[in-house]
Ligand SMILES: Nc1c(NC[C@H](O)[C@H](O)[C@H](O)CO)[nH]c(=O)[nH]c1=O
Ligand SMILES: CC(=O)[C@@H](O)COP(=O)(O)O
């Protein structure tokens, strides 16, 4: 199902585990800051709305999405139950988009495979700025909200596994 057929911000609160005892790390890319701040707000609010204390949310910034891999690796070393990687990659004139997207995707996948703390992939990879706007609080909802909920579910899965 494509994003256009679902709202990224919608979830059934009754299905979300109690997150009051969990700590979360959020690593935010500074590239396309207008987008990543919108994604961060969505993720932060989803955590708070499901019982996470503000003091249990750690935020670090990195220059761009490619640096999310290193930032999330270091965040995994903190006492957190899950990590959220937030970025916005937008196609430019060259193939650089392809390499940044591949690098951050594979890097975050590797962190999930090699270490115990789950890292949620909240990196938009859009053709246009409008597509990014639509997915960070616009007409398609907020992928940050989706990521916050995913982080709670993965923290619960880790606790029970
Ligand atoms: N063009 C975008 C970038 N490019 C920067 C890289 O992520 C990286 O910071 C640089 O290559 C130095 O290592 N980053 C984004 O997050 N979004 C873009 O659209
Ligand atoms: C994803 C990028 O690195 C890209 O936005 C940079 O733009 P360009 O390909 O025009 O250099």
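FYI, residue positions are counted from 1 along the chain as it appears here.
Note: Cβ is positioned from N, Cα and C throughout, glycine not excepted.
Quick look at what TrEMBL lists:
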BINDING   31, 65, 66, 67, 88, 89, 90, 121  5-amino-6-(D-ribitylamino)uracil binding site
BINDING   93, 94, 135  (2S)-2-hydroxy-3-oxobutyl phosphate binding site
ACT_SITE  96  active site, proton donor
Between residue 67 (5-amino-6-(D-ribitylamino)uracil binding site) and residue 96 (active site, proton donor), the C-alpha gap once rounded to whole angstrom: 14
Cα-nearest neighbour of residue 31 (5-amino-6-(D-ribitylamino)uracil binding site) within the listed recorded positions, 93, 94, 96, 135: 96
Neighbour count (Cβ, 10 Å) for residue 66 (5-amino-6-(D-ribitylamino)uracil binding site): 19
All-chain count of other Cβ atoms within 10 Å of residue 135 ((2S)-2-hydroxy-3-oxobutyl phosphate binding site): 25
For residue 121 (5-amino-6-(D-ribitylamino)uracil binding site), the number of other Cβ atoms found within 10 Å of its own Cβ: 18
Sequence-distant neighbours of residue 94 ((2S)-2-hydroxy-3-oxobutyl phosphate binding site) in its chain (C-beta under 8 A, six or more apart): none
Distance-selected binding-site residues near ligand 1 (C-beta under 6 Å), from 31, 65, 66, 89, 90, 94: 31, 65, 66, 89, 90
Distance from residue 135 ((2S)-2-hydroxy-3-oxobutyl phosphate binding site) back to residue 121 (5-amino-6-(D-ribitylamino)uracil binding site), taken between C-alpha atoms, in Å: 14
